[in-house]
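Working notes, structure below.
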Amino acid sequence: MTDILVGAEPTGSPVGSAPVATARAKAVRPGWTLVGPAFVVAVAYIDPGNFATNMAAGARHGYQLLWVIGLANVVAMFVQYLSAKLGLATGRSLPELCRERWPRPVVWLMWAQAEIVVMATDLAEFVGAALALHLLFGMPMPAAGLATAVGTCVVLAAAPAGRRRFTVTIAVLLMAVVLAFLWQIGRAGVSSEAFGGLVPSIGDGDGVLLACGIVGATVMPHAVYLHSGLTSGGDGRRTLRSIRGDILVALGIAGVANLAMLMIAAAALHGRGGAFETIDEIRAGLASALGPTVGLVFALALLIAGLASACVGTRSGEMVMTGFLGAKIPTAVRRLVTMAPALVLLCTGVDPTTALVISQVVLSFGLPFALVPLVVLTSRPDVMGKTVNRRPTVVLGTLVAAVICGLNMLLVVQG
């Protein structure tokens, strides 16, 4: 977040001075209310897709890809800072600004790819929660999928969007997942070899696929759309200082969980001779190496993460459609449409873990379509006013997009 270093604006000064900023008439709440948006967004960074890619990376490559998770988490903080700043400065979400400022064919194309991204996200979340129910209770996958659909609808109904209850519910679920992995890593222990994982190296075999999947699972396109929308309705006197602290804390916590996932798999599963290609095998391996309680806690964490991220994904999908098209459909209809591919997948017997990993690669390809417009719009003075990106921020944003695109090209070349 180079604006922090170069002083794009006084850290205590209010935002909302851009020409497109909207007036807010509501009474000001204390700055701590900004904790809500970042903690809601942070759930997207520990969804079941992270379980699949991080645990597979640790089991197959040990600590070798640890640096990818660390770097991806730093990039995620930078991206979410730009997204939240855009919403605060303009009073609009990223999809809304794209619809207002760009030609209709471009907007329709962006909406189409964003919907694909949301569906890939929903696939990972839905399949992950259903798989957790299968592991915990032995439910057939189609039945587990239906139970997941019901559970998600119950959470969404009990914690409506735009209310404090939704934010608190998601934050509690986030902390439950994080605490579960901290407990597991306490049982597994960490080898001194983990420090070697901080040295950049991809390795052989499926290292590139897993590295790309980690990026897709850690830097989430739908989270970019969501964060700008969550902060766009806030009060104009909120400051960039509070938003920076909010993001550092929330995504820092999510980053710890991601690192813990890989380190647990590396410590308990790497070199044990198993393929560990599915989450079921990973759970069984953890139970064998560390005890059945660890396997149980892993499955519970997977279920909680799946339900929480599914709720957040539904809100992201609503924001994408409303922003790009100016249209809105009922939440229940939105939930039914997005979960249909996952139900079909579960009924056809496709391996859930393979579907999770591939979905994260799809997300990695979708990220430039969210990141490039974000960097462009936050670099325009007529959009951002005095909060416009300084040159170092523009350069860093461009570099991030280029690196991610390059990683995707490398993936295509390899196979």
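Each residue, glycine too, has its Cβ placed from N, Cα and C.
Unlike curated records, TrEMBL annotations are generated automatically.
Using a Cβ-Cβ cut-off under 8 Å and counting only residues 6 or more beyond its ends in the same chain, the transmembrane segment (65-84) has close neighbours at 1, 3, 37-38, 41, 45, 54, 57-58, 94, 194, 197-203, 207, 210-211, 214-215, 218-220, 223-225, 227-228, 230-231, 243-244, 246-248, 251-252, 254-255, 258-259, 262-263, 266, 371, 374-375, 378, 389, 393, 396-397, 400. Feature annotation from TrEMBL assigns transmembrane segment to 65-84 (among others).
Residues annotated as transmembrane segment in TrEMBL: 139-159 (among others).
Same-chain residues lying 6 or more positions outside the transmembrane segment (166-186) and placing a CB less than 8 Å from one of its CB atoms are 35-37, 39-40, 42-43, 46, 155, 158-160, 253-254, 256-257, 260-261, 263-264, 267, 286, 290, 294, 297-298, 300-301, 304-305, 307-308, 311-312. Residues or ranges marked as transmembrane segment by TrEMBL: 166-186 (among others).
The annotation transmembrane segment is assigned in TrEMBL to 206-226 (among others).
The annotation transmembrane segment is assigned in TrEMBL to 247-269 (among others).
As annotated by TrEMBL, transmembrane segment applies to 289-312 (among others). Panel annotation: around the transmembrane segment (289-312), residues 40-41, 43-44, 46-48, 50-51, 121-122, 124-126, 128-133, 135-136, 148, 151-152, 155-156, 159, 166, 170, 173-174, 176-177, 180-181, 183-184, 187-188, 226, 268-269, 272, 279, 282-283 of the same chain, lying at least six beyond its termini, place a Cβ under 8 Å from a Cβ of the stretch.
As annotated by TrEMBL, transmembrane segment applies to 332-351 (among others). Outside the transmembrane segment (332-351), and at least 6 residues removed from its termini, the chain residues within Cβ reach (under 8 Å) are 118-119, 122-123, 126-127, 130, 141-142, 144-146, 149, 152-153, 156, 278, 313-314, 317-318, 321.
Within the same chain, residues 49, 52-53, 56, 79, 82-83, 86, 94, 97-98, 101, 110, 113-114, 116-117, 120-121, 123-124, 209-210, 212-217, 219-222, 224-225, 228, 383-384, 389, 394, 397-398, 400-401, 404-405, 407-408, 411 sit at least 6 positions outside the transmembrane segment (357-377) and bring their C-beta atoms closer than 8 Å to a C-beta of that stretch. Taken from TrEMBL, the feature transmembrane segment applies to 357-377 (among others).
Annotated transmembrane segment per TrEMBL: 393-413 (among others), in sequence order.
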